[in-house]
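Report on one structure; see the data block that follows.
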Amino acid sequence: MEQLNPASMDCLPDELLVEILSSLTTKQAVSTSLLSKRWKTLYSLVHNLDIDDYILFHREDGYHRYRPDIQKSFEDFVERTLAFRGHIKTFSLKSRELYAFGLGVDVVNRWICNALERGVSELHLCINSQFELPYKFFTSTTLVMLSLGRGLVCSKIPPETSLPVLKILFLYSIWFKDLTRHVVDLYYSDLPRRKAPHCHLDSLAKVTLDLHYLRYGYQKVQNYANVKNIISEIRNVKTLHLTSSAVEVISVCRKDGLPVFNNLVELMFSSRKRHRKVLPLLLERSPNLETLILSDLYRYTYGRRHRFVGIQIPANNKIKMLSFMQYQGSATELKHISHLLLKMECLEVVKVYLATEMNDLKKMQLTEDEVKLPAASSKVKIQVMGS
């Protein structure tokens, strides 16, 4: 195939040539500036920068090479590249050997701040080291997309952090040190293990627990699994969501019971028949609970010998709102609602969310059946809603 002659591209408009340069790596794009003054000017108009130390510090045979002159050359290369820029749209920085090759935090931070000062909207950092991100990074008013990885260690986040236009955040293998004490909303998915992690989660307000067992060797795993630490750490939350698999793990692993959840005001609970004993225990341990959301009630509607067993509710409960998710409309589910209405004297609102689409006639019938149910509270209102 005939090789393309750069001179033959001189007839193309600047806008098109800039687009072509933008599709190249920064190192390739820089090399075009040697062609002529026009190409040097065109390169300065490219808004995307891709900096990667791998191409400078690694030989083709795979061995590392570090020479001070190469390090200085790399720093000068990046400094010149940034100096030629006005506005920067995308800035990507990959450094696999930040400290091994003598690149200090101050140098890299200067590059990041330089890009931020030029209004960068997409920032991609892949720095395989413990790294203190500059303060200016946490208060950017132009960042729309941010990706951090791989192996980057972020030791602190300022309380004044504000990224008002950020829409996309991608984190890959990021380590946050000593930040758990500032976490407010936590989704925790894990496999129970013999030695459970210790976390400082005093600031938590909302938690979703999604614990799972490995089905292979189930009996062996459940015998040594430990969830005591994580359950103890979340005892001060205000909102708690337990998936059905988390309830299963808790029912098997917490033989010594549950802590008291004095601050818990909202509980979303999903379970199966054989683990339904966890709910009464949790309600007993949550003296200030006001909102109870039950999902998949049809799964644990029967007790032994296929007989109805109502959910045990503490006599002094303060529940004001009761919701049923995935409601099938069965007679047994209706018995559960009837049972709960008689046990909750503070109840004000009952919301029933249907599992599947139902015609208006059936929905009306369900509403009528539930409205007729006797209740301990004279203020209760029942709402039936579609899926």
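Cβ from N, Cα, C; glycine included.
Small disclaimer: the values here were computed from a predicted structure and weren't measured.
The domain 'F-box' annotation in Swiss-Prot covers 6-60. Per Swiss-Prot, the feature repeat 'LRR 1' maps to 9-34. Feature annotation from Swiss-Prot assigns repeat 'LRR 2' to 146-173. The repeat 'LRR 3' feature in Swiss-Prot is assigned to 180-211. Here Swiss-Prot flags 219-244 as repeat 'LRR 4'. If you look up Swiss-Prot, you'll see 271-296 marked as repeat 'LRR 5'.
Across the repeat 'LRR 5' (271-296), DSSP classifies residues as 10 helix, 5 strand, 11 coil. For the repeat 'LRR 2' (146-173), the number of residues in each DSSP class (helix H, G, I; strand E, B; coil) is 0 helix, 9 strand, 19 coil.
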